[in-house]
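*Asks:* The structure that follows is given in the form of structure tokens.
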């Protein structure tokens, strides 16, 4: 039993890494297409039918590019920083149930690496550790733009980690568990049982904080092209830069799964329709990340901090108090 469980876990880890690494590349294709559509352009069209092979071309380019390490960088930290970003993104996925359980060849498969009873806390903790990727990469790069990016990243991520944690306290109080599977079961009665209806404020707060956690527009301060070039990634090239890129897009997919499971019923009763519904919700939230980049400008760092500490955090605290009073 222990050997089969170990083998199953290894297979799950490999499948998650392979699928979401590929989805990171595919996500860039859809991002280019969405941005092009909204800006009245064509996007990728030349490499393969409808430009679909552009992803493969970009992958080959990254693998074959020279791995340049500038002279004055702090070598070991510079090299390990991209690994931290990619590794923590996939580590956070261990507590996410991507689909309902299903049976194949008489063997029941649970599409989650580990259903730990502190799943949400684990995910938030690992995402917090992921901050060290851009932070160390920027500090070790011996580049003023990278250093500014690292400072911005530390301020943004640490601040919005607080908002993220406070926003989900109210739903946790209602469900009485930190497991995402328990959250799904709590909402399995149907669309009327979704937590978003009873906790709309928590949903909005968590969704806003998700943009800061993933470093996406309008909170794209750590790699703001017109201010600090590519931010912490300015001195990186080849697959080291690619690891930062994979970590960012994998986080977008994972946070979309978490939002869908926390607030929008997840996969419901575990049926095929529920599984397809979960994937549709994830696709919508991923599209929303792309749409926001096309529609919104970046905001200033001081505006971002003002929004966090003077608007979102007080609202989150008030929401917790109101939820506690209602539940008494």
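Cβ coordinates are placed from backbone N, Cα and C, and glycine is handled just like the others.
Feature list, courtesy of Swiss-Prot:
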type     : residues : note
TRANSMEM : 10-30    : transmembrane segment
TRANSMEM : 80-100   : transmembrane segment
TRANSMEM : 118-138  : transmembrane segment
TRANSMEM : 155-175  : transmembrane segment
TRANSMEM : 191-211  : transmembrane segment
TRANSMEM : 243-263  : transmembrane segment
TRANSMEM : 272-292  : transmembrane segment
TRANSMEM : 306-326  : transmembrane segment
*Asks:* Cβ pairs under 8 Å only, please: of the recorded stretches 10-30, 80-100, 155-175, 191-211, 272-292, which one is richest in them relative to the transmembrane segment (306-326)?
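*Replies:* Ranked by Cβ pairs under 8 Å, first place goes to 155-175.
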*Asks:* May I ask for the residues of the chain that lie six or more residues beyond the transmembrane segment (191-211) and have a Cβ under 8 Å from a Cβ within it?
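*Replies:* Distal contacts: 160, 163-164, 166-168, 170-171, 174-175, 183, 217-219, 255, 259, 262-265, 289, 292, 312, 315-316, 319, 323.
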*Asks:* Under 8 Å for C-beta pairs, could you tell me which stretch among 80-100, 118-138, 155-175, 243-263, 272-292 has the largest tally with the transmembrane segment (10-30)?
*Replies:* 243-263
*Asks:* For the transmembrane segment (80-100) and the transmembrane segment (155-175), decide whether they are in contact, meaning at least 3 CB pairs lie under 8 A, counting pairs 6 or more apart in sequence.
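*Replies:* These two stretches do not touch.
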*Asks:* With the transmembrane segment (243-263) as the reference, find which of 118-138, 155-175, 272-292 contributes the most Cβ pairs under 8 Å.
*Replies:* 272-292
*Asks:* At a C-beta cut-off of under 8 Å, are there same-chain residues at least 6 beyond the transmembrane segment (118-138) that contact it? List them, or none.
*Replies:* 77-78, 80-86, 88-89, 91-92, 94-96, 146-151, 153-154, 157-158, 161, 164-165, 168, 172, 178-181, 183, 213, 215, 222, 231-233, 236, 244, 247, 251, 254, 258, 262
